[in-house]
Amino acid sequence: MAEERLFRSASGVPITLRRRQHSASCRELAVRGPRLQLRSLSAATSAVWLAAYGLFALSENSMVLSAAIFITLIGLIIYLHFVKIDQESLLVIGSLGIQVTSSYASGKESTVFIEMGRVKDVVINEAIHMQKVIYYLCILLQDPEDPQGVSEVVPLFQSSKPRLDCLIEVYKSCQEILEQRKTAPQSN
Amino acid sequence: MVLKVFFPLCCSSADSGILIGRWISEQSSAVVLAVVHFPFIPVQVKQYLGEVQRVTKVSVSVLGSWSNSKQEKEESLSEFLEDLGTIFCHEPWIQISKEGDSKFWSCSTLQKHSKNPQEEEIILVYYDQRKVMLSHLHPPLDTAGQGAEDASKLSAIFDTVARSQVLFMTDRYDEGPVKLTHWQSDGVEASIIVELLKQASVPACMLLTFLLSLVSGICRSRVLKFWPLSFLWSKLSTCEQLGHRLQHLQVISSSKKAQNQNQLMRKANIFVSLLIDVALGILLMSWLYRKNRIGHLADTLIPVADHVAEELQDLLQWLMGAPAGLKMNRALDQVLGRFFLYHIHLWISYIHLLSPFIEMILWYVGLSACLGLTVALCILSDIIALLTFHIYCFYVYGARLYCLKIYGLSSLWRLFRGKKWNVLRQRVDSCSYDLDQLFIGTLLFTILLFLLPTTALYYLVFTLLRLLVVIVQGLIRLLVDLIDSLPLYSLILRLCRSYRLAAGVKFRVLEQQDGKPLRLLMQINPLSYGGVVQMYRLPTYSCYPRDSWASLCKKLFLGELIYPWKHKGDKQN
């Protein structure tokens with residue numbers, strides 16, 4: 001069962017939240033940002049090449065042109081493979097753990113799986129960033145020595161930065177599954 | 001709690017039988033290791049499992065039944081499988097059945113002694129047995145310090161599969177009482193090359209150990225311990241690097257088997273690093289000796305040394321004049337300038353004395369590049385140090401002079417104010433001086449003060465030159481350390497067999513069907529390259545600067561001699 005809703009990110013860009021329920025204790029929540037626009041790509045490339053032509057006209061050295069082409073290609077590859085995140089998803093499997101995946105524009109996926117035993121809670125935090133107050137969802141990890149303590153905070157959806165309404169939806173879905181683990185041990 | 005069944009992918013097409021594996025009750029998970037096929041005698045199966053348990057210390061038991069019916073569901077078989085549950089009593093008894101080629105299996109459990117009869121959810125997690133067995137799970141760095149008491153769930157699973165190696169040693173061609181299906185049941189994997197290398201490594205190690213004992217015996221002999229030689233050995237970085245490599249060779253050639261993963265990787269990294277080093281060194285050597293490049297190098301060495309000396313002479317002439325418009329004390333200027341010029345003259349004469357032998361020396365020294373690229377770089381660093389020895393001497397003279405002056409000035413300044421440094425109490429005390437003491441003291445103070453700019457300028461110039469040489473040597477040392485400490489074998493392993501170095505796992509949700517259990521695929525999440533380097537870095541023998549920036553500046557200001565690189569053998573200050 002899947003559903004999609006449109007939201008806005010903290011900077012006003014439209015994003016979509018897709019929720020899928022695979023089973024009673026397994027949910028996948030994916031936030032997809034806007035794709036790379038042809039407009040901005042051509043604008044950046046033209047700017048770099050105009051600058052290169054300007055330098056060539058000044059210095060009469062053709063190495064400038066080949067260097068510009070090289071830089072554009074390398075820069076594009078680095079941007080697509082390391083910087084531009086298309087989709088960030090959260091897979092919550094009750095009793096196994098939480099998996100956070102970021103998919104880049106080049107197709108690369110970087111995944112982190114956090115076991116349920118290490119997860120203390122999933123909360124929405126507020127932070128002051130420059131002149132704004134932003135909300136972000138994060139996973140609190142348990143400190144093995146201190147049952148009340150938090151050893152690490154793992155922030156989620158760092159690049160798509162959804163607003164509070166989207167975060168509340170994600171938070172509710174996660175908490176439904178996390179609550180199951182509190183009730184489950186008694187039944188065993 | 002949700003029941004998790006970890007099922008190996010290789011058993012998906014196995015014939016019907018019973019499942020054996022390990023039941024981890026605290027996590028309510030069943031790790032299936034193999035499928036035992038019909039016909040079997042239950043007593044023999046139990047005996048076999050007992051033996052396996054004894055050898056591997058993993059509590060292997062019969063977990064449930066597996067039925068793979070190619071045609072429609074056979075009713076009699078399912079009853080038979082349920083009856084098996086009474087023979088091998090296991091709580092809960094898991095029944096997995098697959099119909100035809102369907103992807104969606106039905107999975108149910110039989111709980112005889114359950115308190116609540118409600119249906120609990122079952123999650124079916126597929127895993128690649130071969131990859132999980134061969135991989136090594138690296139714990140996240142923050143939990144690496146804690147003990148293995150609360151070992152994570154995943155490490156328990158990896159551990160179970162890795163330690164059950166003896167279970168996977170029987171393949172289907174063996175004539176045994178039990179017929180198993182697991183990842184090696186089609187034939188045990190082995191590699192001829194690996195076996196041959198293992199056989200060849202024993203005599204090779206013994207030979208290497210013998211040679212190394214000879215070499216270290218020579219090194220430790222009394223002949224090389226006389227004072228000038230031992231001082232020389234400790235100052236040359238080539239000898240340190242050779243000693244470091246000797247240690248590495250000793251690690252590799254030791255006959256003790258590696259205890260755990262870390263030691264094995266360390267040995268492999270050292271071996272590959274040495275191999276690549278020697279290969280690059282031989283490449284460099286072949287390039288140098290072709291077209292008589294060594295001869296050219298030797299020919300340019302003397303003119304370069306001459307050129308450096310000439311530049312220094314010009315610099316000194318500039319200092320003896322009016323450098324940067326500053327007015328120097330003429331007499332002191334001339335004395336210092338002539339002193340340093342004479343030094344340069346001596347140095348040039350020595351270099352010219354050596355010039356006929358340079359080519360031969362260089363030729364033989366270049367041969368030692370076959371010991372490795374790092375050794376060649378260290379030799380380069382030492383040659384630079386030897387060629388710029390006069391700069392070092394000038395720096396020491398300038399620093400000592402300046403240091404004396406600063407101490408004299410500070411002591412006389414105290415006298416000027418009527419105070420004295422109390423050595424016993426390590427503090428400044430007031431003191432009454434006689435008139436003649438005060439007079440001479442003030443006179444000396446004035447003289448030293450007005451001579452300060454001249455000395456300070458010489459000190460500044462030579463310190464900058466010395467720092468330049470130190471920076472060049474430092475860069476070469478950094479490069480050598482990089483080659484020494486890079487774990488090449490681990491990086492190549494991460495590139496080619498990324499499942500061997502696991503940072504964790506990742507789950508992929510497969511197609512679902514209502515009513516059937518949740519299907520997940522567990523794949524190995526490999527360690528990042530940065531994580532690999534951090535984890536398996538080889539330790540180096542030195543390189544970090546001894547002083548922080550603040551103390552370095554203080555030493556420079558006071559004129560104390562600076563030795564930027566700390567060696568492991570040096571005692572702490």
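Cβ from N, Cα, C; glycine included.
For B:200-219 (among others), the entry in TrEMBL reads transmembrane segment.
Under the heading transmembrane segment, TrEMBL lists B:270-289 (among others).
Look at TrEMBL and you will find B:335-354 (among others) tagged as transmembrane segment.
Same-chain residues lying 6 or more positions outside the transmembrane segment (B:361-388) and placing a CB less than 8 Å from one of its CB atoms are 236-238, 240-242, 245, 274, 277-278, 280-282, 284-285, 288-289, 294, 297-298, 301, 304-305, 308, 469, 472-473, 476-477, 479-480, 483-484. The transmembrane segment annotation in TrEMBL covers B:361-388 (among others).
The transmembrane segment annotation in TrEMBL covers B:394-416 (among others).
If you look up TrEMBL, you'll see B:437-461 (among others) marked as transmembrane segment.
Positions annotated as transmembrane segment by TrEMBL: B:467-492 (among others).
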Quiz item: Do at least three C-beta pairs under 8 angstroms join the transmembrane segment (B:270-289) to the transmembrane segment (B:437-461), pairs 6 or more apart in sequence?
Solution: no
Self-check item: Distal contacts, the transmembrane segment (B:394-416) - CB-CB under 8 A, six or more residues away
Solution: 339-340, 343, 428, 433, 437-438, 441-442, 444-445, 448-449, 451-452, 455-456, 458-459, 461-463, 465-466, 558-561
